[in-house]
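Here's the structure we're looking at; comments come further down.
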Amino acid sequence: KQANKAVYNTMDEQKQSYCDNVYMTIAEQCKEGGVVEILDTFFGFLARRTDFYVGQGSKDCEQLVLKAFRLHKRQAEEKRAKEKAEAEAKKREKQAAAKAAAGDPRVQELTDAEAEQLQKELDAEKNKKSNNAPASSSTTAKESDNGEAATATTTKKKEGDGDAAEEEESAEDKGKMKPNAGNGGDYENYSWTQTLRDLEIRVPLPVKVKGRDLTVSITKSDISAGLRNQPPILHGQLAHHIKPDESTWTLDEGKTLIICLEKVNQMEWWGQVVTTDPVINTKKVEPENSKLSDLDGETRSIVEKMMYDQRQKELGLPTSEDQKKNEILQKFMKQHPEMDFSNCKFN
């Protein structure tokens with residue numbers, strides 16, 4: 001039943017330390033086979049000593065293993081990303097300190113005599129250019145002034161139009177919250193962040209608890225979470241549908257409930273978790289750069305095509321669409337050798 005509800009209870013530190021020691025002993029015995037032998041030993045133990053594969057809940061055993069794998073994989077990736085960010089921050093601090101220690105080059109001040117001589121040279125150069133200018137330059141300058149005035153008027157008008165559009169956008173989004181650093185929201189009882197794929201909700205708990213002290217219910221369209229026998233801290237109808245079988249929760253050091261929800265529609269940003277929450281302004285969301293390997297096949301091919309076309313434009317070369325049209329034209333010309341295309345202009 002707990003597997004069907006996607007519930008994972010976190011062990012306390014003492015039990016976790018004990019289990020780590022047991023697994024270290026097993027790892028010592030499985031040096032030659034490595035991780036593969038450790039996994040084979042563990043799943044073999046389940047087959048020999050439990051009814052994990054053939055018991056009442058055996059139909060869900062594979063899904064249970066996948067959920068546990070995804071949960072710990074996510075935590076490991078987050079830990080690695082945090083350590084990497086901290087290392088990069090320390091590296092930048094060292095570089096800044098080294099640069100400050102090296103000192104910036106100072107500006108050399110000129111004496112009064114040197115400054116006077118430099119000004120004379122600049123004035124002489126300016127007068128020389130003025131004397132060499134053609135007489136007709138006054139007419140050209142006048143036309144240029146008119147052109148600049150017209151350009152300035154047009155630019156000012158465009159800026160005014162842009163300001164009006166910005167005001168209209170601000171009126172439409174009036175009252176919406178600015179997203180936090182994780183493109184989510186910070187509320188009184190909890191905070192949340194999101195990517196296009198999933199959401200992470202963090203609920204601080206008033207006291208240190210264990211997993212059995214919590215009650216969490218996750219369905220396709222609703223969520224409820226809090227302390228057992230207490231009013232829920234988070235409760236309501238979800239703003240959009242999620243995949244309950246791919247969603248999990250865990251307890252961080254007994255003080256924070258972390259809920260991970262996987263979105264059904266992975267091409268949209270959420271403005272809120274539950275419909276009673278304040279709404280964030282999704283127009284101000286700043287997504288992180290994604291790797292092409294993270295995209296599905298169809299989306300990846302579209303992005304690669306866009307990147308290729310952009311690179312071709314920057315180099316002044318034909319885009320993929322231009323190349324396709326040119327291939328069609330060349331094929332047509334070969335099919336009609338009797339026609340003369342030498343004086344034709346193609347768009």
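The backbone N, Cα and C atoms fix where each Cβ goes, glycine too.
Where the annotation comes from TrEMBL, it is an automatic prediction and has not been curated.
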Region 'Disordered' according to TrEMBL, located in which of 51-79, 80-108, 225-253, 283-311: 80-108
Across the domain 'CS' (185-274), average pLDDT on the 0 to 100 scale: 91
